[in-house]
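If you look up TrEMBL, you'll see 25-361 marked as domain 'Glycoside hydrolase family 29 N-terminal'. Feature annotation from TrEMBL assigns domain 'Alpha-L-fucosidase C-terminal' to 372-453. The signal peptide feature in TrEMBL is assigned to 1-26. Positions annotated as site 'May be important for catalysis' by TrEMBL: 290.
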């Protein structure tokens, strides 16, 4: 730019050269508001390296805490009999969904306690619902008058408070954002027009999203609630071009693929595809599986039963499968309306962290190997880092010999069990593979162990 050039003039040729270099780098790649250009943006490296994150669903739906976070929709939209009956039995006639908001007290919410639990889980990023489909924002949005956590309910900025605690621990902070709002009258008016009008996008959805990014500078935007209308209605490509070119997080921000009808699994940053996406083979694009510890709901439920909660071995098995297939694992907990993380959720998260303390090198910053899995002595998932391969098994083989057929060994191959420094005895099989002499496996509540194979092909 002319101002930058004028600062450079007269400072000698070396300075001029350096100045021109800095100008060129600050201009960088410019993305245009179309999918061909936006999809060409490389994913910031931090995201693939971290592998494991925590998802937090928290909002007004945490007050009734019945059924799921879609409570308002099932009650008033789908008019589900069980939800209607729940309201009739427990609340006075004329009680509306908005009457739940003042009961969203968050009085026990201690962001540092949450962040301690998340850090102890071994997660490297945390994604909070800034606004779910109910439209209530967990910050003082100027576009959501009296339907936000500063004007109503907790009377505090939950997005800011949690963000500060998360970042103090050097974890990445992401925000979930629902584009649509079930019962927003402006949105419903656009919907009636067949999405020919865009009043809701221009007055509410987009100004709020720009404000959210400028104010909180999230490392990740987890978009949702997009599926009723095409991306052209949402102006998604315009927003993403700004996000990647000019926003305060342009160099670090990561996004998912929910930017309009038909976008998911096709456009955006990494792919979520469907909730709890479970591919059968290695996808050719970075992806993430979001999973919930409570298998029935993403939001907290007072009627949750232990049999509906994932146990630690199931969580570890799921995570290992996801990472072996090149994905990230985003595991959800729903806090209570008073700001507590249920002890059963905390226990699961700390259990994951204990397993990752020993086995984390087989997870973080790994790449999928040329073979992702094999039915060895027991089923094995593979991950890799350069010439090191990790064979993770999620059931005890109950025998001392362990056969792997995929790795190609050499004279310099070394095999160890993670958590134990002694190299293990092994012998090569015919042209490929090896047989390993296992020690007695140490007890772990996660029921998963890792063989580290150095110098294998």
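Even glycines carry a Cβ here, placed using N, Cα and C.
As the structure is a computational prediction, the values presented were derived from the model and not from experiment.
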Revision key, fill the gap. Grouping DSSP H, G, I as helix and E, B as strand, the residues of the domain 'Alpha-L-fucosidase C-terminal' (372-453) number 0 helix, 36 strand, 46 coil
Study note, to complete from the structure: Sequence-ordered list of residues in the chain of residue 290 (site 'May be important for catalysis') that lie 6 or more positions away and have a Cβ within less than 8 Å of its Cβ, or none, is 55, 272, 275, 276, 277, 330, 331, 332
Study note, to complete from the structure: In this predicted model, the domain 'Alpha-L-fucosidase C-terminal' (372-453) has a mean pLDDT of 96
